[in-house]
Amino acid sequence: MLHIKDLIWTLYFIGTAVALEVNIVPDQGEISLGESKFFLCQVSGEATDISWYSPTGEKLVTQQQISVVRSDDYTSTLTIYNASSQDAGIYKCVASNEAEGESEGTVNLKIYQKLTFKNAPTPQEFKEGEDAVIICDVSSSIPSIITWRHKGKDVIFKKDVRFVVLANNYLQIRGIKKTDEGTYRCEGRILARGEINYKDIQVIVNVPPTIQARQLRVNATANMAESVVLSCDADGFPDPEISWLKKGEPIEDGEEKISFNEDQSEMTIHHVEKDDEAEYSCIANNQAGEAEATILLKVYAKPKITYVENKTAVELDEITLTCEASGDPIPSITWRTAVRNISSEATTLDGHIVVKEHIRMSALTLKDIQYTDAGEYFCIASNPIGVDMQAMYFEVQYAPKIRGPVVVYTWEGNPVNITCEVFAHPRAAVTWFRDGQLLPSSNFSNIKIYSGPTSSSLEVNPDSENDFGNYNCTAINTIGHEFSEFILVQADTPSSPAIRKVEPYSSTVMIVFDEPDSTGGVPILKYKAEWRVIGHEKWHTKYYDAKEVNAESIITVMGLKPETSYMVKLSAMNGKGLGDSTPSQEFTTQPVREPSAPKLVGHLSEDGNSIKVDILKQDDGGSPIRHYLVNYRALNALEWKPEMRVPSNSHHVMLKALEWNVDYEVIVVAENQQGKSKPALLSFRTTAKPTATTATASAGTGLGTGAIVGILIVIFVLLLVVVDVTCFFLNKCGLLMCIAVNFCGKAGPGAKGKDIEEGKAAFSKDESKEPIVEVRTEEERTPNHDGSNQIEPNETTPLTEPEHPAAVEDMLPSVTTVTTNSDTITETFATAQNSPTSETTTLTSSTAPPPTTAPDSNTIQSIQATPSKAEAPTTSSPPPTSSPKVAPLVDLSDTPTNNPSKVVANQAGPLNPSAATSAAEPPTVIIKPVTTVPPNAASPPPTPEPKQVKQEQSGTKSPEKEEAQPSTVKNPTEATKDESASLSNTKPLQDEDFQIDGGTFKTPEIDLAKDVFAALGTATPTAVASGKASELVSSTADTSVPLDSAKTEKTQVEEKSKPEEIDVKGTPAEVKTVPNEATQTNANESKA
C-alpha cells in the first residue's frame, strides 16, 4: 500500500514538471536593421506568470519599440519593432506557478545589416565621346559580389571592349555614345545569405549642339512698320541655349526693336529699317559644347495692305468689298476665299461676282447675296518683291430656313421625336404649335420640347388617336420668319409577305417569299414562320431576324419529319406589332433518302498554296449524316489524292501543301444511312510561287530590280554619248567624227591642223573680268488665275525656274488587266512599273456528271476583284515600283468607269456567264450540288474533259504583289447582264485603242522605249502579248469567285477529327503559286 502511494506522488510530480515546459516559436531569429519580428512563448501546463527578459536580464514590459502581450494562461507574445543593433542577444521566457516553481526557454536574436546602396546617384550624366565612370557604392555586413546589367544582359558578356568593370566595382564606358544611354542596373549579391539587391541608374549622354539657320538669307521690307523673324534650329542634348550676335556684337533681349520667343530660337526685328540689314549669328551652347550659324538679312520694300473692312449684309442685297494696298512697285491685288481664287478684272458667268481693279485698290462686288457667300475673304497684294495678305470677314444675315423630315411614324405609347432643323443668322427663336395652340400646354401633357443650337425637337408620347396629326414649327429672327408643318402619322403593322415558292426536302423546307408591300411606316424587325402537321392543331413557331432574311428572302424551316404533310404560313413584325399572316400553304416532305449535296465555300489562305473549304450542311435526307467524303486533285493530274473521311460535326477541311499556280478541284459527298449525296464541286487555282525579291506593301515605293537596271543602262548610254561628243569637239575623233567624215563629207582631222588651232581659240573662254549676270523673273502662279505678274529679281531669285511636274501615265496594259465587275469602279490600265495587276484566282462550284463522263457546265467568268469607290479604304498602301516607265505622258483624269455586272447563285438553274460579285465582303465561294461522283479505290481515276482555254493578255509583271480586293453578291434582280458587258464597256482613253481579250495596243504618242532600245541596238521588249484567258467550265449553279492570296507558307496536310478543322493528310504536293496581283485603281495618279 505504501508503494502505491509513493508511485502516485511520483507520477504527480512528473506531470507537474511537464506542464511547465516552455517552448519559443521560432526557436531562433535573424532580421536586418529596421525590420520587426515577434516570438511566441508557449507553456505546457498552467502558469500563474509568464515573463520575458532582455539579453541584459531586465524584465521586458510594453514600451515604444517592444510589445509584451499575454494572450491566455499558456502563451505570451514578444514583438520587437524597428530592430537596432542593441536589440541583438538572447531573450528568455520564464513561466512559473506556486507549486512547481519556474521553467524557462531562450531564443537567440541576431541582427545584421542588409545590402544597401550608399552612393549610387541617378541619373548620372556624361559627355558624348568621353570615358564615363558610373558610380555605385554598396554597403553590407559581409562582402558582396557586384555585377552590372544593361538591357537585361550582363555587360561582361558584351563584345564591346569599351565596357570595363573597375576594381572598385564602378562601371567604365570608354568613349561613351548616345546609343549607350539608358538604364544600368548595379546588382549586389551575398552568397552566404542568398541576399540580392539592385539599383537602377539612369545614364544620360549629353551631345554637343548643332545649329542650322532655317533660311540662310531673309528678305524684309523697309519703312513699312513690319517685323521680320530670323530663325535657327538647334539640336543637342540637353537642349542648348541660343544667343544672337549682330556683326559680332551680342544682342540683348531688352532692346525695343528686338524680341525673342521662349527658347530664343526665333528673333523678331520690329519696324524693319535699311540699317537692320546685316549678318546675324545664332549660337547654340549646352554642357557639351557650342555651335554657330549665320543669317543674312536683306531689306527690301514690299507691298502693304492698308485697308480692309469686315462687312455685313442681308441676303439678296448687293455689297462691295474693298482692299487697298501700297508698295513699290505698285502691287497687283487679287482675291481668294477658303475654297476658290478670284482673279482680277473677273466677272462670273451669272454676274454674281464682279472684280474691278484700280491703282492700289481692288473692289469685289457680290450681287444677289446668298447665305453661302458668308465667310472669310482674303485680299492678296503682290509685286516682284513680295506678297501681303489680309483677311476680312463677310457676314450674311438671312431669314430662318427649316429642314428635317416632315412625316414621322409612331404608335400609341411609343415616344418619338419630331426634329425641326433651323438655319438662321442671327439665331432664330423656335416655337411649336398644335391646332393653333402654343406648345407645351396643359392640354398636351404628353409633349416635351428640347432645344439645341440649330434644332428643336418635339417629343410626343401619343396615348390616343388625337395625338396624331399636324405639328407646326415656326422660326423667327430679325430678318424674317418661316414655318413648316410636320405630320405625325400612326404606324401600322406590316402587311403580309407573299410566299412565292415552297421547296420541301426530307427534314427541311425552303420558303422563298416577297417582302410585305407595306412596312407600316417603321422598319420590319422580324419574320415569323408557323407550321404544323396537317391533322394536328399545334402550330410550331420560329422568328427570323429581318436583316438576315432580307438578303435572299429565303426562310429555311428545319427539324421536319420525312413523308409528312405540313401547313406553313409567314407574317412580318415591326415595332408596332405582328402583321397579317400569309395564306397557309401545304407541302409534303420527301421520304427518307440520301442527303442533299453540301455547299462548299473556299477561302484561299495567305500563304497562297493552301485553302480552307467550308462544308455547309444542307438537308440530311431525314437521316443523320454519318460523315463527309472529301476527294481532291490537280486538274493536270490523273490520280486523285487519298480520300478523306470528315466527321459530320466538322464544318470545314484544310487542304495544305498544294502545288503553286495549279488548278484544283475538290469533291465532297455527304453520306447517311440511305446512301451518298450528289457530289459538291469546288474549283480553284493556287497563286504563283512568290519570289525572294517580292516587296511587301509596307516596303514603300522603292525601286525594283528592273528600274535599277534600266537607270544604269540609261546612265551608261549617256556617258558614252558625252564622251563621244567630247572627243568629237576636242580631238576630232569618235563615232560622231566617223559619221561626219564618211557620210557628211567632212575633212579628216589630219587635213586641217591649222583649223584645229583656230578651233581651239574659238572655244577658249572670254578673259573679260566683267561678271556675267543672268536675270530671270519668277512667275507667281495662282490657282484658277490666268494672269501672272513678273517678279523683279533679287539676290535670292533662282536663275532657273523649277520644273513643274507633269502627269505621267503608263498606257501599256498588263497581263491580266480586265474591267472589274464591281460597283462604280474606275477602269484602270496597269503597266509593268506601277502594276501588280490582279491575276484572277477562281473558285468554281458546280454540279457535274460523274468523273467518268465529262461534266457539262456553264462557264463563269473570273471576276477581277477591285474595291468600289464608295467602299475605298481610308488608308491605302503605296503603289509598288518596278521598271521605269517609257510610255508617253498622258492625263488619265477622264478615265471612263465600267458598270459592274452582278451574279446570283441559283441552285435550280444555270447562272448567266457574265455574273459577278461586287466588292463589299471577303471573297467566298458558294458551292452548289453537282452530279460528279467522287472516285474511289475500286474505280480508276476519272478523265476530265479538256476545258476550253481563254487566253489572257501577257505583260511585264512587277515583283511586288498585292491582294485582290473582296467582292460581294448583289441583289438577284441585278444578276443578269450580257456576257460581253464587262469587257465591252471599257473605252480607250483619248486617242488610244485597247483590246483587252487579245488584240493590239495602239497609241499615237511616241514610244520612248522604242527610241531607247533603238539607240542601244536591241529589240524593243513587248509590253503587251496577246493571248486568251482560259475559261473555266462549270455546270449548273457554278460560281467563280476570286480568292485572296498573300504570304506563302508550305505545310503538311493533316487530317483531324475535330469539328473545328480537318487537315488533309496524304502525299505532300509540289507547291507552285501565282501570287494575286491587285488591280491598280489609282488611274489618275501622276508620275514624273
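Keep in mind that glycine also has a Cβ here, set from the backbone N, Cα and C atoms.
The N-linked glycosylation site entry in Swiss-Prot, when matched to the candidates Asn417, Asn1084, corresponds to Asn417. For Cys379, the disulfide partner named by Swiss-Prot among Cys323, Cys420 is Cys323. The record in Swiss-Prot lists a disulphide bond between Cys420 and one of Cys282, Cys473, namely Cys473. If you measure from the Cα atom of Cys136 (disulfide bond) to that of Asn82 (N-linked glycosylation site), you get 27 Å. Around the Cβ of Asn472 (N-linked glycosylation site), the same chain contributes Trp432, Phe433, Arg434, Phe483, Ser484, Glu485, Phe486, each under 8 angstroms and 6 or more positions distant in sequence. A simple way to gauge crowding: the CB of Asn219 (N-linked glycosylation site) has 17 other CB atoms within 10 angstroms, across all the protein chains here.
The highest number of surrounding Cβ atoms within 10 Å, among the disulfide-bonded residues Cys41, Cys93, Cys379, Cys420, is found at Cys41. Within the group of glycosylation sites (Asn417, Asn443), the Cβ with the highest number of other Cβ atoms inside 10 Å belongs to Asn417.
Cα distances from Asn417 (N-linked glycosylation site) to the recorded positions Asn219, Cys282, Cys323, Cys379, Cys473 are smallest for Cys473. It is 78 Å from the Cα atom of Cys282 (disulfide bond) to that of Asn443 (N-linked glycosylation site). Here the Cα atom of Cys186 (disulfide bond) is found 71 Å from that of Cys323 (disulfide bond).
Per DSSP, the secondary structure of the domain 'Ig-like C2-type 1' (20-108) breaks down as 3 helix, 52 strand, 34 coil. Note on proximity: of the recorded positions Asn82, Asn219, Asn341, Cys379, Asn443, the one nearest Asn310 (N-linked glycosylation site) is Cys379, by Cα distance. The Cβ of Cys232 (disulfide bond) lies under 8 Å from the Cβ of Ile211, Gln212, Ala213, Arg214, Ile242, Ser265, Cys282, Ala284, Ala293, Ile295, each on the same chain and at least six residues away in sequence. In this structure, the CA atom of Cys379 (disulfide bond) is 38 Å away from the CA atom of Cys420 (disulfide bond).
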